[in-house]
Amino acid sequence: MEEKGSQSLEYFVKREVLDELCLDEVAQKGTWSTKPTLGDQVKDSLRCSVPRLKHILLTWIPVLSWLPRYSIRENALGDLISGCSVGIMHLPQGMAYALLASLRPVYGLYTSLFPVLVYFIFGTSRHISIGTFAVISIMVGSVTERLAPDSNFIVNGTNGTETVDIDTRDAYRVQVACALTVLAGLFQILLGVVRFGFVVTYLSEPLIRGYTTGSACHVCVSQLKYLFGVSPSRFTGPLSLVYTVLEICSLLPQTQVPELVVSLVALAVLIVVKEINDCYRQKLPLPIPIELIVVIAATVITHFCDLPSKYNIDVVGEIPSGLKAPSAPDTTFFSSVIGDAFAVAIVGFAINISLGKTFGLKYGYKVDSNQELVAVGLSNTIGGFFHCYCVTSSLSRSLVQESTGGKTQVAGVISSIIVLITVLKIGPLFEDLPKAVLSTIVFVNLKGMFKQFMDVPLLWKTNKVDLLVWLVTFISTVVLNLDMGLAVAIAFSMLTFIFRTQLPRYSILGNLPGTELYLDTDTYKEVKEIPGIKIFRSSATIYYTNAEMFLDTLFVNSFKISLKNISERTKGERNGTSVAFSMTETATDGLHKGQVNLAYQPDITMSDSDSDAGYDHITEFSGHGDEAKEQACDSGTHSIILDISTTSFVDTVTVKTLKNVYVCLLRSCVVEQLEAADFFSASIPKTRLFITVHDAVLYILKKRGKADFVV
């Protein structure tokens, strides 16, 4: 009943027909400017005062704004439980993801420690968990393996055989990873300082999800060697993933059965318990820390059963206790990793800000994209000096941090304390941990990324262009590798945007009888066109890339006659002037004074060397052009109204295009741009600009002596 009552509401408005000039008078448009001048902005930026200094400090160091107001009673318990839960997850994930980066597991623990503390100070999200992440780890690993392959560290063994100097290789890879991390952090800081956080908006959600899904395939394949206990060759460049899979398949007869058994047992336990966690997450006070349990159990069994010596199971090896002294990165690597560093910086920030804004919207607080760039950049830059590699937020850890009651980044500090204790005292106890167990942890944590394949049927139903972006991104990432795949994905995404603006939807509008509404005649059966008036709407901004198509479509829909045929028939009778049709400023006796801007059609008598002056040339129908006149009149159209309310800016081509038509529904910023471009003149006054389609229709009907026409 209530819904029916709301539908029966009516309203009546009585006012004069308003064009832009009348609107300026009625609404008393101001000529003043509230925007400060450039000089005032410079002076304001250089002005120093205590309130301004305080504002700068609170903006750049957010912890100073919320930590003094931290409520122990409301937040402490939740942050403590959350921090312990996330800290327990950091340990196995940090060691496992370090293998993805082709580094020793201890460097994953370092990466789970220092960057988290930096983000605590500079970050704006309260719920995300900064640290190691599979996609970023595999991107780092592709760089370290490219610049420090095993073949560069071959030494002669004691029996005349060639072996790899693992210690030297690993030390060199750490230098590469740290240099990459610092450079990526510097890129992020620079982008944040110049307020370039909006750049991530060009990475659409289908692009990010397609890229992370493709990256998950690389992660999965990279861990197969630990699962089967084989040592495939390393491939680089396009199709490297395919070659690696084929190589592993050829090595399957050499599978180490003990390693495979360890992997399958660990994988089965992890999958079962994680499913239990998902099914009973509402009833369980805390998720079962199965990853840590599996790591501890596997380490204990391997150590006491002496599996490395009996069955040649590959283990983590030496984990030094204590922290390494900070050191500056080797800047000589910068030139070799600059492209990879920028890709890592953009992808890491995109993942971080998308997850941060999700929690921000859910809990009603603002996540500043520019400050997040600075925060993640500082986490990477400072972390690089402490032997960490690139970080971003992790979905799995962030969900645990939120679901276990975490309210602030104090939970991150607590998780760092747990990691610190492990690094200082407990780390060496995990030296007998099988690498196969760490690989299974990586496999299980890829579940969320592989579930993104469900985007395909959803996008097929909702938006096929986004589906195309997703598929192209995924395929290019899998086929061309991570760096080239990202470049191709971004380029293709930009192309889809360009094509969408070049191929907008054009509509002819008609009036819904008894209302002032004008709707698409192809969509609504009850709407009727106003006789003699064509109301044309574009769904996109009109600018130089789509202006020609706009004009072509406008003529096809408005005239329904062949301009080319008319031009050919009258070519010899025009005395060198172009036939031009005005559908606007017409006389009451027909089209005797018809006018239109030549931007509406190309002058077929003009050579390629003719200038743009023809755009401003207004012509009349020649006395010799009777046939053209008659055919123009036969079209029945005497006026065109353009509804370009979707236009957000104009360029010079748009200005020329809009001349000699009735225009309605322009934004005030667009009107100001038209004024700056000298669009309005005595022949094209502001009275040709209307605030609604209905105002334009009523004006035309009155001008043509049909004011009593019912619409």
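Keep in mind that glycine also has a Cβ here, set from the backbone N, Cα and C atoms.
Keep in mind that TrEMBL annotations are predicted by a computer and have not been checked by a curator.
Taken verbatim from TrEMBL:
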TRANSMEM  97-122  transmembrane segment
TRANSMEM  176-198  transmembrane segment
TRANSMEM  260-277  transmembrane segment
TRANSMEM  284-304  transmembrane segment
TRANSMEM  333-355  transmembrane segment
TRANSMEM  410-430  transmembrane segment
TRANSMEM  467-499  transmembrane segment
DOMAIN    523-662  domain 'STAS'
Worksheet entry | Listed stretch, out of 176-198, 260-277, 333-355, 467-499, that has the most CB pairs under 8 angstroms to the transmembrane segment (284-304) | 260-277
Response to the item:
In the same chain, residues at least 6 away from the ends of the transmembrane segment (333-355) whose Cβ sits under 8 Å of its Cβ atoms read 125, 128, 130, 133, 135-136, 139-140, 142-143, 147, 175-176, 179-180, 183-185, 187-188, 191, 197, 199-200, 203, 205, 208, 211-212, 367, 369, 372-373, 376-377, 380, 390-393, 395, 398, 482-483, 486-487
Fill in: Long-range Cβ neighbours of the transmembrane segment (176-198) (under 8 Å; 6 or more residues past either end)
101, 103, 107, 140, 143-144, 147-148, 329-331, 333-334, 337-338, 340-342, 344-345, 348-349, 353, 368-374, 376-385, 387-390
Worksheet, complete the sentence: Other same-chain positions with a Cβ less than 8 Å from the transmembrane segment (410-430) and lying at least 6 residues past its termini are 70, 75-76, 78-80, 82-84, 86-88, 90-91, 94-95, 105-106, 109-110, 112-113, 116-117, 119-120, 129-130, 295, 299, 316, 318-323, 401
